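Novice: This is the structure, below, for whatever I ask next.
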Amino acid sequence: NETKVMYFILLGFPTTAELQLLLFSTLLLVYLLTVLENLLILLIIQNNHSLQNPMYFFLGNLSFLEIWYVSVIEPKMLVDVLSHDKHISFQGCMTQLYFFVTFVCTEYVLLAVMAYDRFVAICKPLRYPLLMSHKLCAQLIAGCWMCGLTTSSIKLTFLARLSYCDVDKINHYFCDISPLLNISCSDSSLAELVDFILALLVIMVPLCTVVASYICIMFTVLKIPSSQGRQKAFSTCSSHLTVVILFYSTTLFTYAHPKLMYTYRANKLVSVLYTVVVPLLNPLIYCLRNKEVRFAMRKT
């Protein structure tokens, strides 16, 4: 009795009619602020020669990435908040999922690259200009995107082969992997295994890189004799470390567990953190905790 599903229904968050407008206004404001904040960072970095170094080159790429990252999810979510028709076509669902997974995986690797950049800057300052050349920075960024695109392609290859019976309801506000695995009416064990292995690789390898980099940074900073020097060294890492903790902690909860551990309510609430709240906070963290960015902002 299998039929090829043509569309899904995104259930989203159940709200009353009175709360719909408030939720829509809040989400719209957050989305616009997120895009404007990241565009402002791109503008500041582009127009200030003092910020033309690898650290801010990677920060600019992070801002560029997060503009697209939120734009894949939030516009559709805004429409669904006010609309009774919450349908999304099968092709639209797969497209949304493909780009979302690409951006998430790319950000994992990019944050690890930024940690490595801080490691070289603090632990090998004399060799920093030679080691972090323009060519290497460009290659690292290309590697981040290749990792994201490749991981997403492999995951979608297995997910798209699954069968979905009749019209299926997705208990989420966007097309994500775990909800799709749960509504499949065919054997999803292989797709789940591939998703789990890739999620661990994409999360744990960058996370180990970040941890190793900061352990080396900590030992190097502790050897600095003056407290002012130690504080200055730590200040260059604090913004990045805060962003890493926010992004990794929320996404690790969602993607580093098998389907059997999936709970709809917890997953949706945590998903709001890394798709809505964290992208809004990231530019603020880099601006408020970074003197160079604040000075460049006033100048711009």
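Note that Cβ sites are derived from N, Cα and C of the backbone, with glycine treated the same way.
Taken from TrEMBL, the feature domain 'G-protein coupled receptors family 1 profile' covers 37-286. Sequence annotations record features per position, and here TrEMBL assigns transmembrane segment to 20-44, 56-73, 97-116, 136-154, 196-222, 234-257, 269-288.
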Novice: Please indicate, using numbers and ranges, the residues of the same chain that are 6 or more beyond the transmembrane segment (20-44) and have a C-beta under 8 Å from a C-beta there.
Specialist: 13, 51, 59-60, 63-64, 66-67, 70-71, 74-75, 77-78, 81-82, 276-277, 279-280, 283-284, 286-287, 293, 296-297, 300
Novice: If we call contact 3 or more Cβ pairs under 8 Å (sequence gap 6 or more), are the transmembrane segment (196-222) and the transmembrane segment (97-116) touching?
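Specialist: They do touch: at least three Cβ pairs between the two stretches lie under 8 Å.
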Novice: Is it the case that the transmembrane segment (136-154) and the transmembrane segment (97-116) touch, counting contact as three or more CB pairs under 8 Å in which the residues of each pair are 6 or more positions apart?
Specialist: yes
Novice: Across the domain 'G-protein coupled receptors family 1 profile' (37-286), what is the average pLDDT of the model, as a whole number?
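Specialist: It averages 86.
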